[in-house]
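Visitor: Sending over a structure as structure tokens; questions will come in a sec.
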Amino acid sequence: MDFKLILGILGNAIAIALFASPLPTFWKIFKKKDTEDYSGIPYVATLMNCLLWVLYGLPLVSKDALLVLTINVAGCAFEISYLILFLLYSPKMERRKVGKILIAVTIVYSILVSLSLIVVPKKTRKMEVGSLCVIFGVGMYVSPLSVMRLVIKTRSVEYMPLLLCICVFLNSTVWTGYGILAKDVFIIIPNALGMLAGVLQLSLHVIYRHAIPLENDIEDEPAKGSRAAGGDIAAQTVYPTVEKDGRPHPSKTTASSTHRSTNVSTPGSGGIV
């Protein structure tokens with residue numbers, strides 16, 4: 001029985017589910033013709049991540065990396081679709097900002113592909129491209145630290161959906177196993193970090209699942225659609241009016257957040273999704 005193949009197929013299935021998780025959000029954007037205050041940058045970052053792994057999975061760079069190639073091609077298709085909708089319905093300033101970043105990513109990626117396939121010797125391509133994938137993947141794993149800090153600060157896991165944390169952990173675990181069987185350190189490193197991040201996030205769920213939330217500042221919230229947010233979560237600090245001495249006064253009461261459809265930028269995958 002080929003366990004590596006089984007893990008690769010399972011990893012592809014879980015990764016597809018993670019890629020597809022923002023669909024309800026973008027359906028809502030399509031119906032409203034408005035992106036509200038969602039950020040498009042996480043989708044650009046995820047696209048770049050997938051593009052790097054597509055390059056890594058090419059036969060000219062790596063041998064026997066078909067499953068890595070296929071899932072990241074699918075990931076690129078998802079992210080490009082999301083970005084097209086985002087650019088269609090986002091405000092002018094946000095569209096311009098995301099558009100500039102997208103152009104920069106396209107130029108940088110084109111240069112990387114040209115250098116990797118033309119300049120870099122074939123015997124060292126895997127190491128060169130794999131190192132870039134690891135560096136970028138590790139950088140993307142820094143972002144969940146902000147939401148974990150926020151969970152500890154507020155004693156609330158409302159910013160970190162449990163189902164998403166479980167999926168991220170499973171995805172990283174499966175791809176770590178795949179990397180071990182394939183003896184591919186470039187797959188192992190980022191996904192092992194994803195496993196660690198998943199364990200930490202699930203541990204916070206266990207610690208704070210029954211904790212009494214503390215009042216938090218809205219400025220500390222992760223941006224909508226960000227990897228740090230762990231999903232698409234809209235949290236608000238509401239100050240209802242209270243009568244005092246016959247005059248209205250704001251009373252600082254933090255309302256519970258409104259959970260929207262999961263909007264992941266494929267967190268915890270180490271770029272193998």
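One-based numbering along the chain as shown.
Every residue, even glycine, has its Cβ placed from backbone N, Cα and C.
Heads up, here are the entries from TrEMBL:
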- 251-267: compositional bias 'Polar residues' (COMPBIAS)
- 240-273: region 'Disordered' (REGION)
- 6-29: transmembrane segment (TRANSMEM)
- 41-59: transmembrane segment (TRANSMEM)
- 65-89: transmembrane segment (TRANSMEM)
- 101-121: transmembrane segment (TRANSMEM)
- 127-147: transmembrane segment (TRANSMEM)
- 159-181: transmembrane segment (TRANSMEM)
- 187-208: transmembrane segment (TRANSMEM)
Visitor: What same-chain residues lie close to the transmembrane segment (101-121): Cβ under 8 Å, and 6 or more beyond its ends?
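Guide: Long-range Cβ neighbours of the transmembrane segment (101-121): 41, 44, 47-48, 51-52, 55, 60-61, 83, 128-129, 132.
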Visitor: Take the transmembrane segment (65-89) and find every residue of the same chain, 6 or more past its ends, with a Cβ under 8 Å from one of its Cβ atoms.
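Guide: That would be 5, 8-9, 11-12, 15-16, 19-20, 22, 26, 29-30, 32-35, 38, 40, 43-44, 46-47, 49-51, 53-54, 56-58, 95, 98-99, 102, 178, 182, 184, 187, 266, 271-273.
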